[in-house]
Amino acid sequence: MLIDSHCHIDSPEFVGELPRIFSEMEKNNVKGALTVCCALREFPRCLSFSKSHKNIWCSVGVHPSTDDDISEATIGELVALSTDEKVVGIGECGLDYYYNSEPLDWQRERFALHIQAARKANLPVIVHSRDANEDTMRILQDNHAEECRFVLHCFCGDQKMAQVALEMGGYISFSGIVTFKNAVDIQSVASSIPLERILVETDCPYLAPVPFRGKRNDPSKVIYVAKKIAELRSISLEEVEEATTENFFRLFSKARYEG
Ligand SMILES: [Zn+2]
Ligand SMILES: [Zn+2]
């Protein structure tokens with residue numbers, strides 16, 4: 001079975017399509033998903049979605065590109081909001097230098113604060129990093145993210161970044177990008193790092209994998225990410241399913257699977 005380790009299935013744009021999506025997930029053996037919070041104002045929706053669906057878990061955190069005042073969180077708030085049994089991680093948080101430009105001290109401070117909250121809550125950090133490889137890894141190191149563990153979600157980094165993450169005990173999650181023809185560097189990371197550190201995700205509604213590129217994404221399509229990784233590593237889809245699901249529950253150890 002497969003778990004979509006990072007999606008935004010609680011997003012209002014999926015309302016009305018959920019029965020179809022859940023039945024396609026079942027068909028593709030996708031048995032669970034982590035729906036990730038990007039802003040504090042969205043957290044109540046994220047949490048209630050996860051509480052009303054079996055094997056859907058959620059997180060709490062503020063995306064680096066979220067810029068509304070209400071979403072600036074304190075460590076105490078993040079820790080308090082993470083106590084529900086369905087909240088299994090802190091994030092997504094991190095650095096996004098693609099959509100935002102300097103000065104970005106506020107992004108770096110927000111990221112550090114999330115790592116500190118995760119250590120306090122004893123939950124893993126869900127890391128978003130775009131065009132910010134070195135700063136991301138430096139902030140993870142400076143704030144001892146190895147203590148609470150972390151995943152580099154929607155991995156777009158290079159071998160060097162992957163190596164630093166692995167040495168810190170981190171996990172690497174691949175999205176539909178790994179299926180894109182021009183994603184040669186990401187494919188080379190996906191084929192060479194230890195299988196027991198790999199997660200798969202859709203990050204839906206964005207980034208649909210080939211053969212759905214450009215169309216709307218949903219958690220059932222995580223199977224195409226897993227298939228690509230199997231192909232790149234010359235192993236079976238079943239092996240990728242088994243390993244990535246085991247990895248998901250090892251990292252997000254608070255997530256309880258209901259059979
Ligand atoms: Zn992200
Ligand atoms: Zn996301």
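Placement of Cβ uses the backbone N, Cα and C atoms for every residue, glycine included.
Between the candidates E85, E92, E134, TrEMBL assigns the divalent metal cation 1 site shared with H6, H8, D203 to E92. Excluding H6, H8, E92, D203, which define the divalent metal cation 1 site, the same chain contributes C7, V36, C38, I126, H128, H153, C154, E201, T202, C204 within 8 Å (Cβ to the Cβ centroid), listed in sequence order. Across the fold, the C-alpha of D203 (divalent metal cation 1 binding site) and the C-alpha of H128 (divalent metal cation 2 binding site) stand 11 Å from each other.
The local packing around H8 (divalent metal cation 1 binding site), expressed as other Cβ atoms within 10 Å of its Cβ over all shown chains, amounts to 22.
Inclusion criterion for the binding-site residues H6, H8, E92: a C-alpha placed within 10 angstroms of the C-alpha of H128 (divalent metal cation 2 binding site); this criterion is met by E92. Selection of the binding-site residues H6, H8, E92 by a Cβ distance under 6 Å from ligand 1 yields, in sequence order, E92.
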